[in-house]
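S.K.: Quick one: the structure is below, and I'll ask about it shortly.
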Amino acid sequence: MATLNSSNTLSSTFYLTGIPGYEEFHHWISIPFCVLYLVGIMGNCTILHIVRTDPRLHEPMYYFLAMLSLTDMGMSMPTMISLFRVLWSISREIQFNICVVQMFLIHTFSFTESSVLLAMAFDRYVAICHPLRYATILTPRLIAKIGIAALLRSAFAMIPLLARLAFFPFCHSHTLSHSYCLHQDMIHLACADTMFNIIYGLVLITVLWGMDSLGIFVSYMYILQSILRIASREGRLKALNTCASHICAVLILYVPMIGLSIVHRFAKHSSPLIHIFMAHVYLLVPPVLNPIIYSVKTKQIRQGVLHILFPTKVSSTVM
């Protein structure tokens, strides 16, 4: 019987939802979404190109920034095809196995981005508290190990959660409440005991996000303590300014992430538009805003962007 349920589930078709009540405006609604996706993809690809091609940026801080851009795209791009298929009235259907892959990518890269932000906090801690040992501590080998560990930790943590979905019967509605697949959305449709998924999901969020946010908090306690020891006001402001972009990136990820979790668990009977709005903010805001913030606040990235846009003017200015 378990095998039969598993095979039936794997062949199940689910139906995605666009913006309920605004179906006749879906084509118009797709325009701002298209703009946001393009801005996010172009911005993050620009960051990656600048870091790769400019030898001056082959430093730990910029390697971690490149990781952040990769995780931003990894978190948002899996939703792009299914979203526009719904908004452009191509198809609302999505197969179970594709849905699981989409969930895996979204949640894995979401947790990975949190780990990358922790690594960036550690980078700022070493740069400010131990500047003379910066290059010897954060070697390219260690940075590569941190990136691989962050990805593997997030991926392996998601496997037990998503593997159990294959054994759940979905005997009622197969309509998801978003235009892409989220784990907390799908388990509401299962006609089975989902207590393991609910508890494991809460533990996963608490442990992974909790450890990362605690690590970021502790890093900044040490950073603040070190900054306060700097004698000159200009020196303190300069040190704080090197952390401004990272602090914004942390808020941009964690605030929508926490908001989406709260909405799913404590506002189940609220308007579907609230759930949909929070879900899109959670996936689209970090990829769009992070490249803009780092381009504005980081001189080297800003110069790289200007060099791409106005190569002749920038070259003449440097000369």
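Placed from the backbone N, Cα and C atoms, the Cβ positions cover glycine too.
Annotations per TrEMBL:
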TRANSMEM  28-51  transmembrane segment
DOMAIN    43-294  domain 'G-protein coupled receptors family 1 profile'
TRANSMEM  63-88  transmembrane segment
TRANSMEM  94-122  transmembrane segment
TRANSMEM  142-163  transmembrane segment
TRANSMEM  198-223  transmembrane segment
TRANSMEM  244-267  transmembrane segment
TRANSMEM  273-293  transmembrane segment
S.K.: So what's the average pLDDT for the domain 'G-protein coupled receptors family 1 profile' (43-294)?
M.R.: 88
S.K.: Taking the transmembrane segment (63-88) as reference, which of 198-223, 244-267, 273-293 has the most Cβ pairs under 8 angstroms?
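M.R.: That would be 273-293.
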